């Protein structure tokens, strides 16, 4: 309960503005009631004997009663039904977003998951996007590309067809073994021979030993679980436990004997050749298990007896190992499977059980390759031993999986792992069982992970450590050895080279711990674990004490490729005026390289770097950059730093985009320079900036306003969340955070809109998010299309709701001028109750759900149209008062036209009220027609249904209801009124007169002052009217559109063909001469 932070409820900016306007409605209602009460008192005071009111007492007392009477009859002014309608509209909007086929990922069989139902309009008002890098912008499929061991660089190029390889989620890219590294490792083999047949005596050479120790670190310094079968969850992505057949059932559903299964497994461990009868038994066993077997021994191992020997026949080696990352999601489509031998046709149709499966014994029937006995190993069983079976590695992260896969490729295999022991098969050493003394898990403060082992031969206690270069290199033991210094220097050079290539780097180191040091550390560590105060901090300090005086072994470079569509998506977001920040824990050089690849940075940008090691240095760098920029970009209107900046180079939130229109310019200071800048800041500098005592937050945020993009490197999860909160609270900007891992949860929850990527790092980010996507590229459509639509629809729906309620209330208020402010109402009570519930309920939903101001192809082609929602131009604070003023005018027209038509007549109060109500209904529905942007059958039916429902109810109610619910008698009122010509003339005159100002303003706005959205739609219509053979193209990099006729293209192609024919003719002529 102490960790429970309470329920999270996010409220959109539109909803906050709507709540404020509802308060204004309450104040307007209060003012009307005060006027009515005062009018009632004054009217009664003007008579000595009040006519028509036999029980009238003191006028002041009657005025007080009249106040509450007006509260009751004018309560429609408070749009309580608006909250019900807006929730219904949001629910239907979310339904359509969830079922958008363009947001479905066929590779993972996942679609968008809308976990928050109350903020779809916030998707259209995002100003800042904060994104994680690994797993969000990248595939999170780690490829082991390079490693440096003892100062020697070993390259591992990707496969030739890596781009076209379709690997299932969790399966790493196969590794091409480096020939040089394999040759050097072969020196460790006791029976290794040179080309002339002499025995090598170099197996104890120091460099091969370092190679082996480096690979050993890759194999054991992790939390990998070794399995012989793939992991399957019984619970699917919706939290439903699926009913699956049990493990010990064959494909026909017959239970399998457990004793027989155990016997088969025991027989599989024997080293004698298996008779054919036994093989048949194993074949039957294999048919009774899952269609997803344990991976067989690699083809690379089957070709040669020595796994580290040269290529067979000079051919390229096959990929030796493809371990599987355990899927965290539970959908059957995303469950990884390893390569397996062909199965019987009957087995392919079997139901795959999702419980633990028995180990695969299919390789028991593998035949020996043809050839003489010299080509095979004597006395070798056709059944592989457990060490030879390729295990399935289930890792917490793809990084660990890539590292252990690399170690396996060089025959350093993690065979078995328990909480106390790790069994490793080493080249030249055989199978060794290491005792695990301690595991020092990774945390964002230390940025390292270690494991303390006891060597089974030497009984030494060895600490193997891996982590960020900034952490490991700082903890290296000081040395005067020139060779070790050169090794460290070359390793640093390799690390910088890896980072410039965009690789994720990890540094590997070791330390030999004496018995005395270990016992002393263990005692102090147990005290830290038992402490009650600052337990986590004391445990981290205990880990750090052990991770000192390290000896450098080497480093690795792992490639994590960008997802498809990431550069285009980021470019579109920047063109839409959204400021994009990438927050990552990677090395700055790596992050910068990825930023250029993802189009977060462009070569034309000036790169500003903040990398300080003290508070004063950080402050000096920030102030220096600010002063330099302000000298280059003098400000108009003062010396204060600008609010969101707009110019032909920088748009409203400081992001470079196309030239903005005057309506997009902020009234405050505007830079005159078009120079583009990008900011890079590391985690250490962020520590000083985010400290409130340093007073650097405001200068830092001022600096970011001058930059097009921001890249934060070496950022911790708490720093990510704090950055989002600072921008959200101090800049008053609407933020969106997107990530895929548990370290992004704080950032996702802090932002106004949190989006989780359902990747390979668990479901924590998804569970904490408002929306879950399978790919980053879908963010473009989610924001630019659905976000734009949701904001525009709900904004116009809310304003329409205020308008129709205010108009109805003002009609009732005007009647009080003719009844002495007595509180009498000329409209039947049933009409008052059903006005919002039945008569005008469908058109707002049609606007709020199905109306489209711009088609989706235009929104995707012109990302700058997103500015409408980002600036909140549809629903501004003054929009409410314009709507109320329009409602006031229309109510005057409707009421007083009816009053003038029936002036000095004996018309009844209900006849007059019915005429006013009918005029109001038609005005409301024609108003919807003016505000509708795209006509569909739904819009037409909603309007027609409202009119039909009004007349059907009115006719039935006035026909059959004589004294219903104790209400006054309206018998045959609508029939008599409709039979009068005045009724139709009043309705026909009231509608155009009431809507004339709004209609004229819409025409003037569209023709003379069109908005960007209107201009885009008109441009498309003009292009369509010119001809159907137009090709409209849009360049997002320059944000300029170009329209070409297909005839012109065909003409250009014909000219090119003529030129080529002429050139070929001249060449042939010269050849003949």
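A Cβ is built for glycine as well, from the same backbone N, Cα and C atoms used for every other residue.
Any TrEMBL annotation is an automated prediction that lacks curation.
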Which one of these stretches, 760-779, 800-819, 820-839, shows up in TrEMBL as transmembrane segment?
800-819
Which of these ranges is annotated transmembrane segment in TrEMBL: 855-875, 981-1001, 1002-1022, 1023-1043?
981-1001
Rounded to the nearest angstrom, how far is the Cα of residue 132 (active site, 4-aspartylphosphate intermediate) from the Cα of residue 714 (ATP binding site)?
12
Find the member of 21-44, 800-819, 879-897, 909-930, 936-960 that has more C-beta pairs under 8 Å to the transmembrane segment (981-1001) than any other listed stretch.
909-930
Annotated ATP contacts 132, 133, 134, 400, 442, 466, 504, 584, 585, 586, 714, 720, 743, 744, maximal Cα-Cα distance (Å, integer):
24
Nonlocal neighbours by CB distance (under 8 Å) for residue 134 (ATP binding site), same chain, sequence gap 6 or more:
140, 504, 560, 584, 585, 586, 740, 741
Under an 8 Å Cβ to Cβ limit, what residues of the same chain, 6 or more beyond the ends of the transmembrane segment (21-44), are close to it?
50, 53, 56, 59-60, 62-64, 66-71, 74-75, 77-79, 82, 798, 802, 805-806, 809, 813, 816, 820-823, 880, 884
What same-chain residues, at least 6 away in sequence, bring their CB to under 8 Å of the CB of residue 442 (ATP binding site)?
448, 449, 467
Other C-beta atoms that fall within 10 angstroms of the C-beta of residue 585 (ATP binding site):
22
To the nearest whole angstrom, state the Cα distance for the pair residue 743 (ATP binding site) and residue 132 (active site, 4-aspartylphosphate intermediate).
9
Please give me the CB contact count at 10 A for residue 714 (ATP binding site), counting all chains in the structure.
24
